[in-house]
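Novice: Following this message is one structure expressed as structure tokens.
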Amino acid sequence: MDTRERDGPDDVRLNRTMSGTTSVYLSSNYRSISNLPPSDTFPETVGMEINRGQENEMERKAQVSSICDSTIHAEDESYWVLLRTNRPLRLYMASYIVSHFGEWFTYVASISLIENLLGEDAGSKRSAISVLVVVSLIPYVIWSPIGGCFADSKDRRIVMIGLDCLSALVPLLYLVAYHAQSIVIVYMVAFCQHSIASIYEPSRASFVPLLVTNEASLKKAVTLSGIVWSTMTAIGSSLGGFTSAFLGVEACFLLDCVTYIGSAYLLWKIGGTWKVSPETEEANNIDTSSIWYKIVTMNVDSINYLRTSFFGPLVFMKGCDALVYGASDILNVALSDQGIEQEDQNNARMGMLFGCVGIGSFLGPIFANNMTDMKNPNSLQLACVWAFGLLGVGYLGIGISDSFIGVCFFSAIRAAGSDIAWINSELLLQKFTKPGMLGRVVALDYAIAEFSEGATAVLAGVLQDKYGMSPQAVALVMAAIAAFFCVVWLTYHVCGRGAGYYLAREK
């Protein structure tokens, strides 16, 4: 059986006990094992311990299911082979597809509901939708740190199942808002829905490295997650627009409820125990004040960890990306309104525009994947730099286009850039972060990104409503911001920071 040793103080070793259980000791955020027996014929639990390699070792044990029934070299694996041979990853991806599909139905339907309630007042529509975007993003700033602590201290799969079940109840509350004809209730329900999502996301993002056996597979798995997101953006938003236009927003909300239940079921089918920290007796006997103290302490530890690491600034890269693309939802609504008098046509055009965003998000990561390599993190970092260039080109095209087709085309380019930056910045953090810190680092990463997106969404709404700027003019402002960040991160890259420092240290 094959094991891959890594440079550094951490010890990586693999042994088979007499009972047939395999114990794995890791120092990375993926399990460095290959040629495991098929998961369908090898149901035993795999135990994972992280050995810090110091005199007083602190070992964190977790049990995870056997995951791979392929002996194909990871570098040669296609996406299809990875999914076909890795049952837990396959079920996880199916769960992600189902839940994200429903989320887009609800998002488009809630925008349509607000527009219906406000009638012909275009200025109020833009402001109201800006508020919806901000209300949807604020929970990530508030609750993500708690989600990160759950991800690093609890079974990540169980956390996701519980939150999916809770989320299934929330779309029903949108029906209350619909029948009450209340925008305030829409905002309240959106806040609740995204509060749950903000706690869910750190567990989801940090669950992926546990499902794969090496960095090459990790790269494919994270890219697949991005492809799934973009595909569901294209399909879910388009179908959501047409469904809300022809069947009504109630159908969208009910469908979202069903998809959450389906997502929870698929995660339950994965089975096994997925933890990166041991259960202690003290952890089971602490009061409420101790829980909050632990949450604060864990998050302070994660900030200190990033502050003293060579890759700390990379946690802001996704936030810079969000500062640029954050205006897109507001602009998409405004652009779909231009030159349209009938409301049904507006909903259909909005669905079409979001669909083009999904297409760009789908194609961008696939194109970038052929130019990047996990063994050369510099390639990931450089891909993020050029992604800001694509963002700028996309917004510039939107700003100068005089046709809706042109807007759709350049929206796809903009989306390609934003997704390339999002996925590759996440891969960098996945590669460099210790497994016991990953949930909290991801939580901070997402909190910064969502706060940035909310700030830009407000800016886009204010520039249009208070200063009378057209959507095209706002797009040009975003193009300038994208160019600025492209220069900033290019300078960071050229100076050998981040991934460059990692490579220099390895040499």
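Including glycine, each Cβ sits where the backbone N, Cα and C put it.
Where the annotation comes from TrEMBL, it is an automatic prediction and has not been curated.
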Novice: According to TrEMBL, which listed range is transmembrane segment: 221-239, 259-277, 430-448, 449-467?
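Specialist: That would be 221-239, per the transmembrane segment entry in TrEMBL.
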Novice: Give the nonlocal contacts of the transmembrane segment (473-495) in its own chain as ranges (CB under 8 Å, at least six residues past its ends).
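Specialist: Same-chain residues near the transmembrane segment (473-495) but 6 or more away: 313, 317, 320-321, 323-324, 327, 330-331, 378, 381-382, 384-386, 388-389, 391-396, 398-400, 417, 456, 460, 463-464.
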Novice: Which residues of the same chain, at least 6 past either end of the transmembrane segment (221-239), have a Cβ under 8 Å from a Cβ in it?
Specialist: 79, 82-83, 89, 93, 96-97, 100-105, 107-108, 208, 211-212, 351-352, 354-362, 364-366, 369, 415, 419, 422-423, 426-427, 430
Novice: Checking distant contacts: for the transmembrane segment (350-368), what same-chain residues at least six beyond its ends satisfy Cβ-Cβ under 8 A?
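Specialist: Same-chain contacts beyond the flanks: 104, 108, 111-112, 223, 226-227, 229-242, 245, 328, 332-333, 335-336, 383, 387, 390, 394, 407-409, 411-420, 423-424.
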